[in-house]
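Note sheet for the following structure.
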Amino acid sequence: MTNIRKSHPLFKIMNDSLVDLPAPSNISSWWNFGSLLGICLGIQILTGLFLAMHYTSDTATAFQSVTHICRDVNYGWALRYLHANGASMFFICLFLHVGRGLYYGSYIYTETWNVGIALLFAVMATAFMGYVLPWGQMSFWGATVITNLLSAIPYIGTDLVEWIWGGFSVDKATLTRFFAFHFLLPFIISALVVVHLLFLHETGSNNPTGIPSDMDMIPFHPYYTIKDMLGVLVMILALLTLVLFSPDLLGDPDNYIPANPLNTPPHIKPEWYFLFAYAILRSIPNKLGGVLALVLSILILALMPLLHTSKQRSMMFRPLSQCLFWLLVADLLTLTWIGGQPVEHPFIIIGQLASILYFSLILVLMPLVSIAENHLLKW
């Protein structure tokens, strides 16, 4: 008799995706982040669901309801900080996952890559709206500043902003709709994850060498299920350490002050995972130009398959490209640091130089160095 996991219509799908899936025999720990992102999404949906049971999306009570969750609800503090720091873990895994894709040329699978970019935008939108919900000072002013950027769109900008706000400023209507979308989007993200995996399983996984591995595959279970479990344990250990020892390490103290439209915080800044894009936005002294640069800083990922000029897929055997890749990583860390600094000398010029370097590396330097490496191969 055939095993039920291979014959049952529902179990068969799970089996072909998680058990008998042929996987390359040489994929490294950099391939663990997909499963970690799945775990992160699960943690966020579960903790978010329980938080939503106690949260009220009304400007008069939102801040108080979050305080109530932390003080009066059983393990409410744990739920709240798991959710807040879970978002940080989510973005750490996301950035490493995307970085892996850039380094090893995974973007050659264009459908999987493009769905991944859509996922990145969806997760960023969800995180932004979630940051508004506690209705602290940084929630309110962050929402005001970021939504106001849409007013830079010619002709329809102002109407668009007022339509999103549901009035003439960020208020009750804005908070209610942000809560609704913040609740809805993770389920859309879950659907996109299924599409992402669907496209990935059409082609099979890439591997560190970038060479097709069709002739040397191993079953996903038990080899990679065990390997993924190690990654999960390390991530959960890191998350619990953050939650139990310094839950406010990555947050902003201003968000413990209730939202006040009459009092602007000295430095309005988003959560740490948006700081690199925020630095790029601020480095251009024109509103529309800044908004375009902000969007392009992420959307530029969609150009990666077109900018691939190397004869090799992976950077594993391309030392010059590796140097530029790690320069890009250092540049992004610099931008993240600058995004959290006040707009004054010397931070302005550092941010502008880092922004120029970011786009130059991706659009010009990396493709040129790849062409040079192709010629060096002939020697």
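Each Cβ is built from the backbone N, Cα and C atoms, and glycine gets one as well.
Around the Cβ of His83 (heme b b562 binding site), the number of neighbouring Cβ atoms within 10 Å comes to 21. What Swiss-Prot records for His83, His182 is heme b b562 binding site, and it gives similarity to another entry as the kind of evidence.
Marked as heme b b566 binding site by Swiss-Prot: His97, His196. His97 (heme b b566 binding site) is surrounded by 20 other CB atoms, counting those within 10 A of its CB over all protein chains shown.
Note on His201 (ubiquinone binding site): other Cβ atoms within 10 Å of its Cβ, all shown chains, come to 14. Swiss-Prot lists His201 with the feature ubiquinone binding site, giving similarity to another entry as the kind of evidence.
Per Swiss-Prot, the feature transmembrane segment maps to 33-53 (among others).
Taken from Swiss-Prot, the feature transmembrane segment applies to 77-98 (among others). If one looks beyond the transmembrane segment (77-98) by at least 6 residues along the same chain, the residues whose Cβ comes under 8 Å of a Cβ in the stretch are 30, 33-34, 36-37, 40-41, 43-44, 47-48, 50-51, 66, 69-71, 116, 120, 123, 127, 130, 235, 238-239, 242-243, 247, 250-251, 271-273, 301.
Per Swiss-Prot, the feature transmembrane segment maps to 113-133 (among others); the stated evidence is similarity to another entry.
Annotation comment: Swiss-Prot describes 178-198 (among others) as transmembrane segment, evidence class similarity to another entry.
The transmembrane segment feature in Swiss-Prot is assigned to 226-246 (among others). Beyond its flanks by at least six residues, the transmembrane segment (226-246) meets 29, 32-33, 35-36, 39-40, 43, 78, 81-82, 85-86, 88-89, 93 of its own chain at Cβ-Cβ distances under 8 Å.
If you look up Swiss-Prot, you'll see 288-308 (among others) marked as transmembrane segment, on the strength of similarity to another entry. Proximity of distant same-chain residues to the transmembrane segment (288-308), defined by a Cβ-Cβ separation under 8 Å and at least 6 residues beyond the stretch ends, is recorded for 98, 102, 105, 107-108, 110, 113-114, 117, 120-121, 124, 149-150, 152-154, 276-278, 280-282, 355, 358-359, 362-363, 366-367, 370.
Among the features that Swiss-Prot reports, transmembrane segment is placed at 320-340 (among others), with the record citing similarity to another entry. Residues 99, 102-103, 269-270, 272, 274-280, 282, 310, 347, 350-351, 354-355, 357-358, 361-362, 365-366, 369-370, 372-373 of the same chain lie 6+ residues outside the transmembrane segment (320-340) yet bring a C-beta within less than 8 angstroms of a C-beta in it.
The transmembrane segment annotation in Swiss-Prot covers 347-367 (among others). Here the transmembrane segment (347-367) has Cβ contacts under 8 Å with residues 279-280, 282-284, 293, 296-297, 300, 303-304, 307-309, 321, 324-325, 327-328, 331-332, 334-335, 338-339, 341 of the same chain, all six or more residues outside its ends.
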Problem - Chain-internal residues near His196 (heme b b566 binding site), provided their CB is under 8 angstroms and they sit 6+ positions away - result: Thr112, Val115, Gly116, Leu119
Problem - Shortest C-alpha distance to His97 (heme b b566 binding site) - which of the binding-site residues His83, His182, His201 - result: His201
